[in-house]
């Protein structure tokens, strides 16, 4: 009994807690980084009061949110109102269960890992919808309406992008996806196990589409119409305060990190070093993973600062009339290429 | 395959929640709650799929049914603002008919189950078993046959979806009303400075 | 399935393949053609495509089973596919004038007709419960949309919705039946089911499955007691759509019903025969009695088609080659008569009122247009089954098969029902010839007159060229046994 169930159970629990803590701390600094980047582009200082260089700003915010009084509107549907932020953050965290941060460093290395992440990210829309409906107010509901259409639309192209990558890999396991990137275009060019082997080069259009769709899927600017402050005040989060609001913010940022991690795994070689030579391959894979994650997040942050928000019809046009045909074509083209060159 | 230990515990957990939430779907007063319970039922069904080793099906159920279909379903229910309480008031009148249909279907299920246990009318042959999950993942096993042996059905399914798509567009897309201005992206992008701005030297006091 | 098998399969299914690919090409043409000419371009090309496929079916005789036994192209399938294609082509051609007059110009309409036809052809060829169900859904889904295609008309929308809800219910029942059959035989292929059923004791579950399966199929041919949707849908849908509904889908559904019971359940004739006999009697009786009170000619045609399905089923109930041959001949004749009658209904058009649908509007048709009135009179006589017109020969074949199979009561009830049913056809003739003239109809479009003429010639001339058709039908029927 002990050896069969309790001991493995405890190990999984410990691993989960360790990942959770690491992730939350990481998120705190990512939030800080986001604000700093944003401020720097605008020639402001950004958070600089709490702690050295304002490094502890996120923790101060956390404390502030937690000790505030949660306000629940009287006309709201209380149960769903409180459930929404929980679902939002729990789902975002659940996605991390299958992400391998280094070889063998995943809590669950399941066969259909990529599908699991895709499923989790497609379920995230429920947090927004439930919040929008339960608030019983028109701005949140409009925000929820927009988000449902937006997230469902962009999932389609994300799905096709993932399919193209899977065609090249031949497995749905995240670790296999990373390991398959040891051998690719770069190897054919003579640079074995290098950054040229990763999928971003071979599938460059897909990489771009995935990056933009990831922005839309996580409601990041320039696609943050769900909470466009100039029209909807704060979208589905208007009526939220205190800890529930914190959970929404947390869920949002962890979902963003999840998408960054997915970008790293699908296109940027996961934990693999950029060149398989002396100083690079000494560094443990997990650092490469985190480094790449930060780089992708930096791109997310830069997009937020320099691209103006899309109008809703433009967003829908981009998703359905541009990305969908291109990604559909790329699926066919990639499959045909692999078939006729005999690579698959 | 008989589940034991932890597998059995999870099976009973998911099965219980699935049935309980299915009951809530029809008994909840608020239609939105009903849909949310329906989603919970789907979720548990997906979990049961995974438990039986059909991980691909389970995930597809999550992505397609919960992630897309149920979202739209939820939206329709949220926006319809139907007074379900008054609709339900008359529902009891139909209870006898409903019960009759239910009894017929249930008795048939019993017959089917009975045949399983008693052995009368057992299938003459059992469909070919699925490959061993250790040697071939069920995603790959599905791929092995769906594009070869079942290509015909796969393609008809595609045609059915095409018809559904055409139908949805035909029935909802109305011709644009006259006088509505639409953005033409191509035209906007193709616009040049020379086409839109004239630099004119205007003499003071004269005007154009 | 190897590549060679797949290529062979595609070769056998070439007509279906052409329709599938053609519909997608037409969709692209429709989307990118200029808006004002999209409908006429696509309609023209759609008719050309259907005629091309029909020609292919007539001149190339590529028979065999395909896709691992899920699809068969045999003489039976050829017979019904040709009927279905004729029904679709004529219905589409007849819609042209209507579309022009009623501003009913959606280019999706011909495409949906093609897709529905594709579904029907797949239904006719289905030799597995799986392909049968999927083909049926393809056809039904297209039909639901076509019924509701005139969005601005509340009746059309209602017709579509009603058809959809009841159709979905019947599909559900059929699927339940299929699952029971699969559960009790372990197979979905017709030949395997038939093999599993020989020589073993049949369980109650299988009977339940068969009953549910037949329920779903009876709904599709609108046989009593699953006919309730028919009058409302016929009345509500735009008239060219009604013409299409009365013609092509009936062919496919009847073909499917015949194939299922003779192919998959051919060894358990006794089990389904009584169900078919009941459905047949009920349909004939209701078709004869309920039509009497109708004043709307489309509703009347709905009851008429219910009755005709009952007569056709008499042949199936016999369960013999002669019986199935009777069904085939009957369906061919029904198709010709129905399309001809709907050409007249479409031509019932006044300058100030637009299309009219009441039977009393036909008053004085004989004075205003004696030639057309004569043709319509002949069609009505034929529908009533007056010798020596085609309708009589159709009934002759099915009743004869029933008598040969020893089903005397069924044949007698059928004759009585056709005598009763003759009343309302004769009433139309009386209104045309003896009632006070109303204002004239506008002169019928060329394509409508063509259809009227052709169906008139068919009905009158059947006594001459009926022999080859019957021989062809016998050949087709033998393919099943």
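Cβ from N, Cα, C; glycine included.
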Range among A:6-33, A:34-61 that TrEMBL annotates as transmembrane segment: A:6-33
Stretch-level contact, the transmembrane segment (A:105-131) and the transmembrane segment (A:245-273), CB cutoff 8 A, at least 3 pairs: yes
Whether the transmembrane segment (A:198-216) meets the transmembrane segment (A:318-338): three or more C-beta pairs under 8 angstroms: yes
Proximity verdict for the transmembrane segment (A:6-33) and the transmembrane segment (A:152-172), three or more C-beta pairs under 8 Å: no
Among the ranges A:152-172, A:245-273, A:285-306, A:318-338, the one whose Cβ pairs under 8 Å to the transmembrane segment (A:80-99) are most numerous: A:245-273
Same-chain residues near the transmembrane segment (A:318-338), Cβ under 8 Å, at least 6 residues beyond its ends: 150, 153-154, 156-157, 160-161, 163-164, 167-168, 203, 205-206, 209, 212-213, 216, 310, 344
